[in-house]
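Enquirer: Let me begin by handing over the structure; questions about it come next.
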């Protein structure tokens, strides 16, 4: 069963496979067509040879990359086979083993600096799976990665904080100067972004926030900021992220996040909660408790945080709506909001918070999780009946804590019960404050060093691309 979010899964299933469901990447053939025909033979080594009047010619294997799939209007299932090899635990272990061997043989030119970035949601998923406190879980996961050969193990908090700050600034600017692009839609969910690009294209893309997701902000920090601090070339760093959903693999593979200057991706490999569980099981670690703990690294400032697992009150997907609501209330209307009350609407995955002044609603925010609510919101937008200013929108029901690659429930527990426990655990964690010393240092020494906002725009923001569907006669069902 596919673990991609519902927004990316194939829904039109029947016995007729149309080109939109198959891989429809066109193959460019350089050779001219032969008027006399040709003969193709398979050699003993498995290669293909084409015999023509001009002689024998070895045929090259057709390769379709994940980037090709992202630029195609076909369904996302076409990419799953590629993901297995390019973004998998097998590929990660292969790289780690090769790197350890290069270190052992003193082949310094072949050694890469390996950085693991771990999101909050996988830590909570693993904590529930192995019945450990969240902070201890992170330390033992760090110990496991260190044993594999990791050089640094960091959390995503600094990238989460930057995403919140850039998101709030973008919202205030739109509210004051460009209200036709409201509601602003959160951009951290790659499942929703990919769905929007392929299904609704140029209509919906202006509404999506340009702020990068925390994963891709972290990619910039590791490959550009941290690389400079450590004196390491960006292409010598192998950056691994641990995320709660498979859609993050697609996000990391977008061409927007490949640097032509450094000739490398911001994120080289994405693995998920369930893959970490499989890796532990595969290495004979049946209980995370037996893994030796290791400290989480903090290269961003001199002051080390007291904890490394943080939470938000409103949602398990990063707290975008809660933080932006509080900031907008204070910045735009001079109202201090200590607690944002999100009320359920049609279902628990669609919630709303409002700010009123003199009996008038001046701010209306929503949290919309799951494909059903995404579709409803899009239809409201198209009919001009969407009166929200901001929507935290996630493809998975219940958001990122219930991501498609989170560890499955055991012992007869339902998915709903497990998700409720994860949400309660997330809300019990120390509240994150994005305005802190580390964030200020990154802005001062890196992003604002040039004296303007160009680096902020280049490194913390992105753009989206409508993907037109290819209509051919083969789409006709007889």
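Backbone N, Cα and C define each Cβ position, glycine as well.
Got these off Swiss-Prot a minute ago, pasting:
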- 23, 69, 72, 75: [4Fe-4S] cluster 1 binding site (BINDING)
- 189, 245, 396, 400: [4Fe-4S] cluster 2 binding site (BINDING)
Enquirer: According to DSSP, collapsed to three classes, what secondary structure does residue 400 ([4Fe-4S] cluster 2 binding site) have?
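Expert: Reduced to three states, the DSSP call for residue 400 ([4Fe-4S] cluster 2 binding site) is helix.
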Enquirer: Around residue 396 ([4Fe-4S] cluster 2 binding site), how many other CB atoms lie within 10 A of its CB?
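Expert: Neighbour count, Cβ to Cβ under the 10 Å cut-off: 28.
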Enquirer: In this structure, which of the binding-site residues 189, 245, 400 has the fewest other Cβ atoms within 10 Å of its Cβ?
Expert: 400
